[in-house]
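Structure, as structure tokens:
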Amino acid sequence: MMLVDVPSGSESSEYVVSAVAESDTGRSGTDRSGTGRSGTDRSGTGGSDAPDAEGSPDPTGWAPRVADPDRTAELVERMQEAGLRATGPRVAVAEALREMGGHRTADDVHAHLVRAGTRIPRASVYNVLAALTGAGICTVADIGHGPAVYELDRGWHHHFVCRVCGRVSDVDCLVGSSPCLTAGDSVGVIEQAQVIFRGVCADCQENE
């Protein structure tokens, strides 16, 4: 994870990151990453804002990983194609979402960046997530309890929320594009229709 010093409350375009240049230098920083879990345990994902002691396990279960310059370059390219400058904060936040996987709150992202040594204000994380969502690089879901959750865009889909453990899981959309539901012409132009399924996940069913 690259270090980014950002003035408080700023999401300035002065902090431009070249992922290709990072790749050419052969640097391979190590940071905290995701474990590939598909869901998010809403019972406690935020963790502490304080960095972990060197070599101590991450309390959220995220394991260290070697940064992937090629995938960073891919994120930079997606931003450029969407008309966004690849600023340091934007690249750092997008990288954090990729590393963690699953569905993460803005506070999750900020805590992950702090643990990785990236100096970025919490307000900047919110600003960046709004910009990335508007550009279609990440998606946001209001799951009905607690804060909204974000993930890198992987195509239009819906979500399942377990009422026992609170885990959020992806559910494929049968239509595959947004909006996939209609409500008639009287309400106006519908741009998006999110479906939240609720029930008991397979893991919790096994434990009952």
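Using the three backbone atoms N, Cα and C, a Cβ is placed for every residue, glycine included.
Bear in mind that the values here come from a model prediction, so they are computed numbers and not experimental data.
Here TrEMBL flags CYS162, CYS165, CYS201, CYS204 as Zn(2+) binding site. Per TrEMBL, the feature compositional bias 'Low complexity' maps to 8-35. Summarising the annotation, TrEMBL assigns region 'Disordered' to 1-67.
Within 8 A of the CB centroid of the Zn(2+) site residues CYS162, CYS165, CYS201, CYS204, the other residues of that chain are ARG163, VAL164, GLY166, ARG167, VAL200, ALA202, ASP203, GLN205. On its own chain, CYS204 (Zn(2+) binding site) has CYS162, VAL164, CYS165 as residues at least 6 apart in sequence with a Cβ closer than 8 Å to its own Cβ. Counting every protein chain shown, the number of other Cβ atoms lying within 10 Å of the Cβ of CYS201 (Zn(2+) binding site) is 19. Each of the binding-site residues CYS162, CYS165 was scored by the number of other CB atoms within 10 A of its CB, and the lowest score belongs to CYS165.
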